Amino acid sequence: MQLKIQLLMLVLMIVLTDVYSKDGFIVSKKNCLYRCSQSDERGFCNAVCLRYDADSGYCRTGKCWCDGLPQKANIAMKNKNYC
């Protein structure tokens, strides 16, 4: 019984974490995208994304992409211009 409860709690945590997080190009407080180099291999972007409480980050199409951001994080919208 104890194992079933622990397993249920684990599944709920995974589901809720996925529901309450989002992915995207992070936007700074100055409304700018973080630019990066494809050769960066997680260094710069991962550090930027972690500052915004994301799970991880990497360079994607010359901009920092973050995985697992909190819902309050500001991410880029498709038809909007950023500095």
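Note that Cβ sites are derived from N, Cα and C of the backbone, with glycine treated the same way.
Annotation source Swiss-Prot lists signal peptide at 1-21, citing sequence analysis.
According to Swiss-Prot, the domain 'LCN-type CS-alpha/beta' annotation covers 22-83. Residues belonging to the domain 'LCN-type CS-alpha/beta' (22-83) score a mean pLDDT of 93 in the model.
Under 8 Å, Cβ to Cβ, and six or more positions away along its own chain, C83 (disulfide bond) finds K30, N31, C32, L33. The disulfide bond annotation in Swiss-Prot covers C32-C83 (among others), and the record cites sequence analysis as its basis.
Residues or ranges marked as disulfide bond by Swiss-Prot on the basis of sequence analysis: C36-C59 (among others). Within 10 Å of the Cβ of C59 (disulfide bond) there are 21 other Cβ atoms, across all protein chains. In this structure, C59 (disulfide bond) is part of a beta strand by DSSP.
Residue density at C64 (disulfide bond): 26 other Cβ atoms are found within 10 A of its Cβ, drawing on all protein chains shown. Summarising the annotation, Swiss-Prot assigns disulfide bond to C45-C64 (among others) and lists sequence analysis as the type of evidence.
For the recorded site, C49 (disulfide bond), the DSSP three-state label reads helix. Positions annotated as disulfide bond by Swiss-Prot: C49-C66 (among others).
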* To do: Take the Cβ of C45 (disulfide bond) and count every other Cβ within 10 Å, whichever protein chain it belongs to.
  => 26
* Around the Cβ of C36 (disulfide bond), the count of other Cβ atoms that are within 10 Å -> 21
* To do: Work out how many Å separate C59 (disulfide bond) and C45 (disulfide bond) at their Cα atoms, rounded off.
  => 6
* To do: Counting Cβ neighbours within 10 Å across all chains shown, tell me which of the disulfide-bonded residues C32, C66 comes out on top.
  => C66
